[in-house]
Amino acid sequence: MQPQSRDCRFAGKLRPWISYYKRRQSRAPNRQLTVLRCCCTVTEMAALRLLNFWAMLVTLSVCNGWLFENFGSYRNREADEVALWPLPQKIQISGAAFQLSSAGFQITHANGSTAGPSCSLLQNAFRRYFDYIFGNARKQGKNQQKVFDSELQELQVLLTAKDPECDGYPNLKTDESYQLEVDQPTSVLKAANVWGALRGLETFSQLVYEDDYGAHKINKTSISDFPRFAHRGILLDTSRHYLPLKAILTNLEAMAMNKFNVFHWHIVDDHSFPFLSRTFPDLSQRKGAFHPYTHVYTPSDVKMVIEFARMRGIRVVAEFDTPGHTQSWGKGQPDLLTPCFSGSSPTGTFGPVNPILNSTYDFMTRFFKEVSTVFPDAYIHLGGDEVDFSCWKSNPDIQKFMDQQGFGQDYKKLESYYIQRLLDIVSATNKGYMVWQEVFDNGVKLKADTQLHVWKENPQYQDEMARITAAGFYTLLSSPWYLNRISYGQDWQAVYKADPQNFNGTAEQKKLVIGGEACLWGEYVDGTNLTPRLWPRASAVGERLWSDENVKDINSAYNRLAKHRCRMVQRGIPAEPLYIGFCPHEYGGL
Amino acid sequence: MSGVWRLFGVWPMPQQITQSTDRYLLSPQSFSFSYSKDSAAQSGCSVLDSAFKRYYSLIFPDAADGARKTEFSINTLVAAGAAALKAQSVWGALRGRVYSLIYSLHCIYYFVNKTEIQDFPRFEFRGLLLDTSRHYLPLNAILKTLDAMAYSKFNVFHWHIVDDPSFPYQSYSYPDLSSKGAFHPMTHIYTQSDVKRVISHARMRGIRVIPEFDTPGHTQSWGKGQPNLLTPCYKGDVPSGTFGPVNPILDSTYQFMSGLFKEMKSVFPDSYVHLGGDEVNFACWKSNPNVRAFMTKMGFGHDYTKLESYYIENIVNISSALNKTPIVWQDVFDYRERIPKDTVLEIWKGVPADYRTELAKITHAGYRVLLSAPWYINHISYGQDWRNSYTVQPQNFSGTDQQKALVIGGEVCMWGEYVDATNLHPRLWPRACAAAERLWSNEEMTSNVDQAFPRLEKFRCSLIRRGIQAEPLFVGYCKDEYRGV
């Protein structure tokens, strides 16, 4: 069964609260719109939860329910439109609503802000969010003369850091916090830098709703917000299927709407090599890509993705997975892969990267030198997962090398040998690295700032996270968030319930969890089905990684997420439905 | 190039096909479709005239409109004399898809191999169900689905137009049904002209439109615009304020249904109508004292299936009086209602063992039957689930040849709980193609699912080229990828 959209089962428990606020209301008779205060802070929510399992739901009903009690269902519908996703850390919403008109409202730089009109990142964001807020209304040229008593005329954006990072890139340590005070005639969004401002603008745009007369409204609100985790990522796989640039950019837009901040670009793999390298163009041009012109990412494509992401406060972390998952590399780079043998003769097939040749490491040095300049982010994902040893085992030269090195028959040692040398190469480019969990499992010596990416279901991810953090390494979680795996029904709920800090460990260990990533592997996904498959299911991960850990009531989440997905649809993202129902503006992009 | 390679794009597999390696060049400037002198249909046949136009641009997507001047239209393939397409009716002609065999080189030259095809469908009823009640589907989403259906030779659009959650059909006899029962009375409805448009778009593609007005269950949304239609549920002696299935004991119910079905008859030209009849929950009927009194009066005892039978019988009679052949869900047969012999039963329940038993039972009783149970493709899972759809054997049940002949086809169902315009197309295509081939092609020629794989892969790429958002079967690529979002 789906959660009820407007659940009044707990109205009885609300009565004392409601009458309290009715009394307050009567002391403020002058308001044109009756003010019913509704204060839902996360702390209060958490406290309530201790009292009653259902208290979360009650609290949310409280926010809307007061209006419901007093104004009937129409008014309630307006307040319901405020469905924030992910839920901010601290929030107070009042029943007092202000009007915004597309003719009069502006987003501006506050006096005293360290950013001004020369900050093109913000200028673009102002325009983008203005468009999100007013949609088509702007073009219709509604009545512009009428001035309302309580009209919000300005959102002033106030940046406080000496360098607001207008031209910078976000990183793992970026401060994304912001404060938002919505009041009339002016509201203020305060943040240290542009990255916090971007998050705050998203929240502000979500606070605006349309009433039954099509007027844009926003309630008096006070928000103080910051992310729970620093690394909130989405992985897209452009090797198993090529994703047209437009699909990637659309996904970046949806990511910003859900406050994700890392695009993990699994750009190459066994099946194709669409990355057009300047140093080794043959990798994509000689059969490594599905097609050398129509199925590649040129340097300017990559630049465009990085800049588009930057404008939305999103890091682009590229993954060049070796030594396994590299079949496509071999087509344009002879001698890179290990020739497999049957008995004493080569079979003509190839295995993982050949770890015993110096030429391999020369290639990697030059290749990663390019990668480190193309991708500005401080981290590169080096893969290191699922290495199949059978080809190495079959190759007599490798066997000889194993003997020389004293590895015996332990091919994990050979893999570690390769990874070790690769890590040294990448370290020399001054990049940090992320690797899949196997690299840790196999005992490779790692730099202290290495980020270990947990993806396996067996062993249980909770145990793996505990082991990794006990060893003092940073980690991030993906195991429960392989969204390429689909099933019938509301599988977002299981996604929502998973928590990256849900393992046995000390507080110190928990701090080593930098976040997580939703992964959409490409076996069954291309531009035709990517967006509806990812959204709003990935939104569940978005809230888990941003909001307070106590925000986990499924019914509250359902109500907000159903509306949030309609908001995404209205903004042009074909996010699929959670369950039966409708959006006021259905997807029209057919 | 082997013969198999060229067959890649043909889906569903024709009954008989012979192909030689001789190939002919087609040029957009000189190729044309034309009516053979002996053809019973000639220029002015609207269905074929527009089909020629449609398929011309599907064959030559790059050809500029201006290039197609009549003076260059020569009824020949270069060097080969005429290509002939013979069919009994325009509907057969629509299925004759020479164009599928045409492949292009370097985007400029188009070729077709010397080919002879004799083709006909294995089953006469090859349907696809869309549910526009659980989510509203904008008109464009329906029209696009009809396009894709034609490419896979489906010929019935089963429009599950209303259900519990919403009533988007705008009735002219009972406008309140949608003004109160739709998700939104203005934006989430199908007007009469919308319905006309769907029917004509379908007709041009040789597709019948069969609406389903499912009763007595699945009718919550009806109650909003038609007071007293639904059964009031009781809690003890007092009405609880909620409603159950259609109230079967009131004359007003049958008067309303007559009125509605009369409207149906004038709106939907197909001679079949789907009356639903599935999943009736008896709890509300049981709670209602008036219904209980009626049960006693009719001598039904406590057997509420008899009450349902009574209701369905009346509805079937109403539709029969309007010369409509009814289709109902299998539940109606399972309750042993007295139903006219020409009624078609649609099987939707259970695993293969279950639906085989049901196939045997229904055909044994002499009714025609449609199979849907294995083709509920709203149920998704990870991986290549089209393979399960493909390996269905609709006539594999114990029964006589006569019984087997009563299987008139099947339907792919895309129920709407989790589907709207955002994800409908990639979820339907190419998964529905698997059932399309099962319903059209010879089963022995198409029994190997691995052999079907590369052909379907190719076909899904051609769907994309024609603008259908068909999702991938597995790792790989299309020459022209989908460019939307």
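From the backbone N, Cα and C atoms, a Cβ is placed for every residue, glycine too.
Per TrEMBL, the features are as follows:
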- A:84-207: domain 'Beta-hexosaminidase eukaryotic type N-terminal' (DOMAIN)
- A:CYS119-A:CYS166: disulfide bond (DISULFID)
- A:229-548: domain 'Glycoside hydrolase family 20 catalytic' (DOMAIN)
- A:CYS340-A:CYS391: disulfide bond (DISULFID)
- A:GLU386: active site, proton donor (ACT_SITE)
- A:CYS566-A:CYS583: disulfide bond (DISULFID)
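A map of TrEMBL features onto the structure.
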{"residue": "A:CYS119", "record": "disulfide bond", "Cβ contacts under 8 Å, 6 or more apart": "A:HIS109, A:PRO164, A:CYS166, A:VAL194"}
{"residue": "A:CYS340", "record": "disulfide bond", "Cβ contacts under 8 Å, 6 or more apart": "A:PRO346, A:THR347, A:THR349, A:PHE350, A:GLY351, A:SER390, A:CYS391, A:SER394, A:ASN395"}
{"residue": "A:GLU386", "record": "active site, proton donor", "Cβ contacts under 8 Å, 6 or more apart": "A:GLY324, A:HIS325, A:GLU438"}
{"residue": "A:CYS566", "record": "disulfide bond", "Cβ contacts under 8 Å, 6 or more apart": "A:CYS583, A:PRO584, A:HIS585"}
Listed disulfide-bonded residues (A:CYS391, A:CYS583), ranked by Cβ neighbours within 10 Å, top entry: A:CYS583
Helix, strand and coil residues within the domain 'Beta-hexosaminidase eukaryotic type N-terminal' (A:84-207) as assigned by DSSP: 33 helix, 33 strand, 58 coil
A:CYS166 (disulfide bond), number of other Cβ atoms within 10 Å: 17
DSSP state at A:CYS566 (disulfide bond), helix/strand/coil: helix
Helix, strand or coil at A:GLU386 (active site, proton donor) [DSSP, three-state]: coil
Segment confidence, the domain 'Beta-hexosaminidase eukaryotic type N-terminal' (A:84-207), expressed as mean pLDDT: 91
